[in-house]
There are 2 protein chains.
Amino acid sequence: MRVGFIGFGEVAQTLASRLRSRGVEVVTSLEGRSPSTIERARTVGVTETSEEDVYSCPVVISAVTPGVALGAARRAGRHVRGIYVDINNISPETVRMASSLIEKGGFVDAAIMGSVRRKGADIRIIASGRDAEEFMKLNRYGLNIEVRGREPGDASAIKMLRSSYTKGVSALLWETLTAAHRLGLEEDVLEMLEYTEGNDFRESAISRLKSSCIHARRRYEEMKEVQDMLAEVIDPVMPTCIIRIFDKLKDVKVSADARLQGCA
Amino acid sequence: MRVGFIGFGEVAQTLASRLRSRGVEVVTSLEGRSPSTIERARTVGVTETSEEDVYSCPVVISAVTPGVALGAARRAGRHVRGIYVDINNISPETVRMASSLIEKGGFVDAAIMGSVRRKGADIRIIASGRDAEEFMKLNRYGLNIEVRGREPGDASAIKMLRSSYTKGVSALLWETLTAAHRLGLEEDVLEMLEYTEGNDFRESAISRLKSSCIHARRRYEEMKEVQDMLAEVIDPVMPTCIIRIFDKLKDVKVSADARLQGCA
């Protein structure tokens, strides 16, 4: 088995390590890549090759930054004859555009659920599109892929909807706990939420707030994409407020002794 | 021990039952009350008495509908010499107004956390204000009261902040699952949320959505109060969107075979 990667960031590294540990040959092109990417690929034991050779693999996984995902599909489009798996964090609409660029090969929309760094749990990948079943064959080599939805774009829509909910929860938490903090009632409100929302509430709330502050700019951009996506199916209400919260959070400095609300 | 109740709805019934089972004499005035209230009080074994006699109890608990809470405090204000416990669902500002109406007696701001119908768990009451410790003495008679915050209004603020968070979560859920439903991906999104948010996510989501649809009008009003309250301490963002969602939900009919999102 031979799997080609376009891009070699954290997602590619994680998937490639698993595939390598099951004896799969993983290839990527490192031409013009940063020293850290080259180092990462070599650590995993990836075979360095040409772009054309990557495209010739039966499975080609595109794991690049969202902004260049469409360009990557365009470059690969004429060459790929196996299946092109777009695992990038892009909107369902962009996925469908990428799909239309793969001229002869198959296409799979794939999305990683939760964090790729998720500890103690298998990285769960959901996949949609005609060739998703074909991609699922990599489960023999240590991946954890399941087919969800039907069309390309469905897997990305599921991921986006899930993450729009969790981003909204973070925004709510931040506003609620900021008000509580101003009233000197932060600990009390948190304890009451723990009481009604479950035992792991505090831990997950703190982790969400920290992460929201650190990644506020990215979440802000992502929420705008969510808003556009929702606007195709409903008249969305919540994103306007959530976007405004992340807009505020962009300017909040996370202090070393970050308070409970993550960014005091 | 003798405890007087002003108003005898579900909250009073629950608290009175507990007090009665520990031998406390519970009194209330049933003058001009509805047959169902009279029936409820009699079932619990409450002693029927005059308003003045209720006011003469060392502990007087006001458990009325929010709209008449202030009027109840005004009527009782000149008479109560023990402690007046306002357990009504009112804003911290209204609590402070009620407090100022109790001329000679003590005052306690009390709030029930979670549902009074909460099964398998003790009904948790939080209390604030100078005389909260005095009210806590009823813990000897089967209640579960704890002091939180300092001033009258703090207990209500804690409750309101907690409930503004959970109302926001309901609004988010409704919008997310409605969009997912339109895309035919409702079950998938729900399963992914279950995966990352924990095992009891589905059950609590369904219960929240049903309850949000059924009580949309009340939640809508409550969110407006939350917005006012938050505006005293921060520049609130989320309530605008949450209010708009509950405004939509007011007009949604809950069908007998209500779909997952509670109101299709």
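Note that Cβ sites are derived from N, Cα and C of the backbone, with glycine treated the same way.
Just so it is clear, the model here is predicted, and its values are computed rather than measured.
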Record-annotated NADP(+) 1 site (TrEMBL): member among B:VAL54, B:VAL64, B:VAL108 besides B:PHE8, B:GLU10, B:VAL11, B:ARG33, B:SER34, B:ASN88, B:ASN89: B:VAL64
List nothing but the largest Cα to Cα distance in Å, as a whole number, among the residues B:PHE8, B:GLU10, B:VAL11, B:ARG33, B:SER34, B:VAL64, B:ASN88, B:ASN89 that the record says bind NADP(+) 1. 21
Between B:VAL64 (NADP(+) 1 binding site) and B:THR37 (NADP(+) 2 binding site), what C-alpha distance do you get in Å? 12
Relative to the Cα of B:THR37 (NADP(+) 2 binding site), which of the binding-site residues B:PHE8, B:GLU10, B:VAL11, B:ASN88, B:ASN89 have a Cα no more than 10 Å away? B:PHE8, B:GLU10
Express the distance between the Cα positions of B:ARG75 (NADP(+) 2 binding site) and B:ASN89 (NADP(+) 1 binding site) as a whole number of Å. 18
B:SER34, B:THR37, B:ASN88, B:ASN89: which of these binding-site residues has the highest Cβ count within 10 Å of its own Cβ? B:ASN88
